[in-house]
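This report refers to the structure that appears directly beneath it.
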Amino acid sequence: MERTHKSPRGRRGGSSLQSRGLVLLLWVCALGAIAYSADQLFVKGILSWHRQQKDYYDMMAEVTALFCVFTVLYGLIRSRILKAVGTVAVLSVFFWGHMVFLPVVTAGVYLAYLTVLGEFFCRRVLRLKASDGAAVHFLCGSLLVILVFCLMSAVGIGAIGYLQVFVAASGILLVFWRCARCGKKNVEEPAGNGRGNNWKNSWKNSWGYSRRSGRESESGIWLMALCFAFIVTMFCIQAGRMNTALDFDSLWYGVRSRYVLDNGNGIYENMGTIGIVYTYSKGWEVMTLPLANLPSYSFLLAFNLWLTAGVIFMAYQIARFYMGKGHSTVFAALLAGVPGIMNMAITTKTDIATLLFQEIMIYYLLKYLKEGRREWRYLAYGFASFFLTWTLKPTALVFSTAILGMSVLFLLWKRLLPLWGGKRKAGQAGGKGNAGQGGALGLFLLSILALAGIWARTVIITGLPVTSVFSSILTKLGLEMKYPFNVNKIPNSGAELPFGEQLVNFIERAFGFLLRPLGVDMDHVILAWGGFLLFIVLLLWIFSLFYRKNVENDNERLLSSWLNVVFIPFLIVCVVSLYMLVQVDGNYFMLLYVLAALYVMRLVVRISDKAVRNGLCGILVPVMCFCAVVSSLTNWSWVVGFSPVSWNHHGYYDHQEAKHQEMVEKGNGQIWDILAEDPENRLIAVGDHPGVLGFPCNAQSYDDITGSWGNVVLVKTMDNFVEFMDYAKTDYVYTEAGYMEEEQRCYSLVRTLIEYGKLIPICYEEGNMLARVEIDGEYTETSRAALTEFDKCYIKKNVE
């Protein structure tokens, strides 16, 4: 049952006709807005074509069947074991049919490895308390693996093969340690002592099961069944299209860690790549290196799918500070339908990992506030998670810092900073109350070392610890960016326009972000949209102001104050970002989706009138349905439907072999074989980006060099380009048939390089060319003849 408090205060209203009228008005506004968004997106907008495809209807039929099966499973079966067995059985069939079974299992095992490794280090080395939970174990395991991989790279043994040996060997030892620990625990806790039934009673209560078999308990069971069925089904939507939903950024750099980060010695070797995305903080990529050279890209995607499960679980855990189990489960289900969160589950972008560790940071900050300053280890966990987010994504420097910075100010304001030997909190045990806290400093130090290890790579390559838009700030502070990288400026959308036009553009952008993610500014918003969530929480916030709330106790008031102090400034930061960003990505605001929903649901569940409270919460049902439809229609690669069903396979889809066959069909069979002889070959590919990056070697595209993320000066003259190839230690240059035309700079540049002997063509195949780089080459009759051969053999783009 949800927590309620006596002595209500505030406006009189309750179950009056006026209050119920406001609830009805909310429903009208919400349903009207949903109808408007649905009309704009599904009828008139970009999704109108997608929803009419047969593959989409086939997928939705399968999704509906899954939802019904899971609802019946969770609603009718009372045994936790039978629920788990049934869920595993259904998911196994589904995963196998869509060829993602082995990736999901392997990624799950690796996730378990990180957690158990962290548990071992926390328990045996840092001597932390066992009650701190799996979140800190996973945090510690992630930090430890990143640090170990960095150290192995520093001494020249950071190749992926060595990392896999380390994981396998340490994993076997951890299995023995875990088994020995479980055996010791069973001896210490014999059957019949009553402890073994605690988890059962706890689980029964969480599902609404009690000895009172009344209507309320039964309805609670089915409400939870619907929520859990919705959550699991939303994960199935993502898993079912994992093999075919490879997006632009994933193909560009996400699935190419085996070449982007490892050239035989580890992550600190300069790969010669110019694209700024190759210089980002690579914490997630380093953490997942043992999965990076497997034949299917879905092994990496599945790891993010598991992390998304962690995001939903941690959202539930955070909500439990503010509401009961039932409302917290509804909150988790609401987030599971948000496209801006769930569509990030099957990309190799680092956003979902960043969000997970941001939630872990928030969870332990709240834990610290709730438990009091003597439990300062929770604060150390929060800081450790904070620094880990800095290793994952450049934008974490803004959003994570905004959360932690306001939290620190809040702690200073409330005078809750930990004091050694300080006065105990009322009611808190003394003596051994500080046991296990000193190791928290070790975890904090581990996060600093992991951050240093990741940033060291960026410093070695670029001269700066962080790139992207932060490079302009750091260079103004006196740091110098190395050749050949370009300094990126801080974005300011529409800075050249008058203020009035800037304001109009911002209002249009905000409207699109809330209700209609269509148009030039919204290209990357609809793929990771809040799915109407921000608009509905805005409505709920407005309507919640008209109802009186239950009185909070001191502890609850403290947690609510923290949320107020943190959320409002964070919202302002997000609004400023929305105003300034040239390219708005919906995934930049994933943490906003979580905090906004939490902030408003906290207000709604405190409404004293149960009928009104249920009426306001009820509007979340059509919102979740709408979000689910948007999620099913959108993904970062715009594919429609699930990947084809197949039962005769090895448990995974071989993306490497599929790419090989694709290259052979395009006339690159011999070229592929030449480049595959040595994965450490360095290639500049002039062709369609990112498709030409699929060769089995360290490849970068011409667009990497000349795009906004590169440095176009490098192709201004032949000498500039030759200097860059010498810096990058480039072995080959590839030109794709039908890509270049005579008016393009790349065409004239390639011809000049061949003419002056800097490129020596070694293979022509159906109009494609592969040339060996000769930095010291000169103009000769042979080079002139090679140019004539190029003009004859290379197939230019047909401009007719």
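Each residue, glycine too, has its Cβ placed from N, Cα and C.
TrEMBL: automatically predicted annotations, no manual curation.
Taken verbatim from TrEMBL:
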- 21-39: transmembrane segment (TRANSMEM)
- 59-77: transmembrane segment (TRANSMEM)
- 107-126: transmembrane segment (TRANSMEM)
- 133-154: transmembrane segment (TRANSMEM)
- 160-177: transmembrane segment (TRANSMEM)
- 221-240: transmembrane segment (TRANSMEM)
- 297-316: transmembrane segment (TRANSMEM)
- 311-414: domain 'Glycosyltransferase RgtA/B/C/D-like' (DOMAIN)
- 398-417: transmembrane segment (TRANSMEM)
- 526-547: transmembrane segment (TRANSMEM)
- 559-582: transmembrane segment (TRANSMEM)
- 588-605: transmembrane segment (TRANSMEM)
- 617-638: transmembrane segment (TRANSMEM)
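The transmembrane segment (559-582) makes no contact with the transmembrane segment (221-240): fewer than 3 of their CB pairs lie within 8 A, with pairs spaced 6 or more apart in sequence.
The stretches the transmembrane segment (107-126) and the transmembrane segment (526-547) are not in mutual contact, being linked by fewer than three Cβ pairs under 8 Å (pairs 6 or more apart in sequence).
Outside the transmembrane segment (59-77) by six or more residues, the chain places 83, 86-87, 90, 94, 221-222, 224-226, 228-230, 232-233, 236-237, 240-241, 632, 640-642 with a CB less than 8 A from a CB of the stretch. Residues 59, 62-63, 66-67, 70-71, 73-75, 87, 91, 94-95, 98, 100, 104, 206-209, 302, 305, 308-309, 312, 326, 329-330, 332-333, 336-337, 342-343, 345-346, 624, 628, 631-632, 642-643 of the same chain lie 6+ residues outside the transmembrane segment (221-240) yet bring a C-beta within less than 8 angstroms of a C-beta in it. Same-chain neighbours of the transmembrane segment (526-547): 10-11, 13, 19, 22-23, 25-26, 29-30, 33-34, 37, 41, 46, 334, 337-340, 343-344, 351, 513-515, 517-518, 585-587, 589-590, 592-593, 596-597, 599-601, 603-604, 607-609, 612, 616, 619-620, 623, 626-627, 630-631, 634-636, counting only residues six or more beyond its ends whose CB sits under 8 Å from a CB of the stretch. Secondary structure by DSSP for the domain 'Glycosyltransferase RgtA/B/C/D-like' (311-414): 82 helix, 0 strand, 22 coil.
Same-chain residues lying 6 or more positions outside the transmembrane segment (588-605) and placing a CB less than 8 Å from one of its CB atoms are 2, 315, 318-319, 322-324, 327, 331, 334-335, 338, 340-341, 344, 351-352, 354-355, 358-359, 395, 399, 403, 528, 530, 533-534, 537-538, 540-541, 544, 549, 560, 563, 566-567, 570-571, 574, 577-578, 581, 613, 616-617.
Against the transmembrane segment (160-177), stretch 133-154 shows more Cβ pairs under 8 Å than any other of 21-39, 133-154, 617-638. Long-range contacts of the transmembrane segment (133-154) within its own chain (CB-CB distance under 8 A, at least 6 residues past either end) are made by residues 111, 113-119, 121-122, 126, 162-163, 166-167, 265-268, 283, 286-287, 289, 310, 314, 317, 357, 360, 363-364, 381, 384-385, 388, 391, 443, 446-447, 449-450, 453-454, 456. With a cut-off of 8 Å between Cβ atoms, the residues of this chain six or more beyond the transmembrane segment (617-638) that come close are 26-27, 30-31, 34, 37-38, 41-42, 47, 50-51, 56, 59-60, 63, 230, 234, 237, 241, 244-250, 327, 330, 333-334, 337-339, 342-343, 346-347, 349, 526-529, 531-533, 536, 540, 601, 604-605.
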